[in-house]
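Feature list (source: TrEMBL):
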| type | residues | note |
| --- | --- | --- |
| ACT_SITE | HIS77 | active site, proton acceptor |
| BINDING | HIS205 | heme b binding site |
| BINDING | THR206, ASP257, THR260, ASP265 | Ca(2+) 2 binding site |
| DOMAIN | 36-311 | domain 'Plant heme peroxidase family profile' |
| SIGNAL | 1-35 | signal peptide |
Amino acid sequence: MGFATALTCTQLYPHFPHLLLLLLLLNISDLHVNAQLSSSFYETSCPTVVTVVEGVVRQAIEAEARMAASLLRLHFHDCFVHGCDGPVLLDDTATVTGEKTALPNNNSIRGFEVVDEIKSAVEAVCNATVSCADILALAANASATLVGGPSWTVLLGRRDATNPASIAEVTAALPNPNSDMPTIIGRFAAVGLNVEDTVALSGGHTIGQARCVSFSARLYNFSGTGAPDPAIDADFLASLQSTCPQGGDANVLRPLDATTADTFDVGYYSNLQSNRGLLQSDQELTSDANTAPLTAPQGEIRLNCHVVNSA
Ligand code: HEM
């Protein structure tokens, strides 16, 4: 399914992207799990866990609205690499190298102190019972819900990994903000998700922020052209260039959803329609580049179909 179809559904059902996200987050979580997971896993061993997690997340979001986005993203980055098993939280030690310093995570994923607070609160009521991976899953659900998004049935009972993925594996698994559509689709396909899933899950960018370094290439040197991405709305481009001047501070932030940065809504998709997607990978969702045919003056009329004419 292409993006146009997703928009049609959005118009028909205002909560459609929410529902998709709900289902797909479950799917992601399901990719690497077995039948031992269940929404009632802690029913007897830690019956208050959901409430405890939600309480800490609520306080954290009240203190800083962006934290909802940061916690949602932590769960995504946990799940996309070898399933949702928590190594994204591990610090490097002499014997274990965690995933935090991999390019998509380094100086980027955040919220660890809130996860620590949740873990302490959970340990206080149920010692050594709830995994960090399950805490991330519950925190992501609470975060989305608390900023107006969907709630989904969180399957629980995950154990935390003792063997994180290598840095190279993390970099190879997580999508890149400068990727084109075929590459993005490839990354999602590698974890069993299709194009429709990719469009829906990208709706996670309805909240949160990105650093200039994540999108400045498209402001000044799109795909090595030395010029801005022609797909960006002109006013939006000027505004982004003013926030992120060439050679400026790479860590300055812009909201991923330019209209409603802290609310889980369909604003992200409307922005894409008006060419105001922040990341190239966002705006690529509206692109037909992967299916568009070459037309003159591009390409050639091949004389022998097995070889290009210049061979
Ligand atoms: C095409 C796939 C994706 C790419 C290329 C991508 C890339 C990025 C990048 C580059 C940032 C900003 C990081 C920074 O500048 O430090 C970001 C932020 C974020 N991403 Fe994604 N992402 C993708 C999919 C997803 C998915 C599937 C979700 C969740 C469902 C998600 C949730 C978020 C959130 C919530 C933020 C903001 C985090 C914050 O403000 O702390 N992303 N993403």
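Just so you know, glycine gets a Cβ as well, placed from its N, Cα and C.
Predicted, not measured: the structure shown is a model, and the values here were computed from it.
Locations of recorded TrEMBL features on the structure.
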residue : record                       : CB count, 10 Å
HIS77   : active site, proton acceptor : 22
HIS205  : heme b binding site          : 24
THR206  : Ca(2+) 2 binding site        : 30
ASP257  : Ca(2+) 2 binding site        : 28
THR260  : Ca(2+) 2 binding site        : 18
ASP265  : Ca(2+) 2 binding site        : 21
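Take the mean position of the Cβ atoms of THR206, ASP257, THR260, ASP265, the recorded Ca(2+) 2 site; other residues of that chain with a Cβ within 8 Å of it are ILE207, THR259, ALA261, ASP262, THR263, PHE264, VAL266, GLY267, TYR268. Taken together, the residues of the domain 'Plant heme peroxidase family profile' (36-311) have an average pLDDT of 91.
Straight-line distance linking the Cα atoms of ASP257 (Ca(2+) 2 binding site) and the residue listed as 'heme b binding site', rounded to a whole number, equals 7 Å.
Cα spacing between THR260 (Ca(2+) 2 binding site) and HIS205 (heme b binding site): 11 Å, rounded to the nearest whole number. Note: the CA-CA distance between THR206 (Ca(2+) 2 binding site) and the residue listed as 'active site, proton acceptor' rounds to 17 Å. For the pair formed by HIS77 (active site, proton acceptor) and ASP265 (Ca(2+) 2 binding site), distance between Cα atoms is given as 21 Å, rounded to the nearest Å. Taking the Cα atom of each, HIS205 (heme b binding site) and ASP265 (Ca(2+) 2 binding site) are about 10 angstrom apart.
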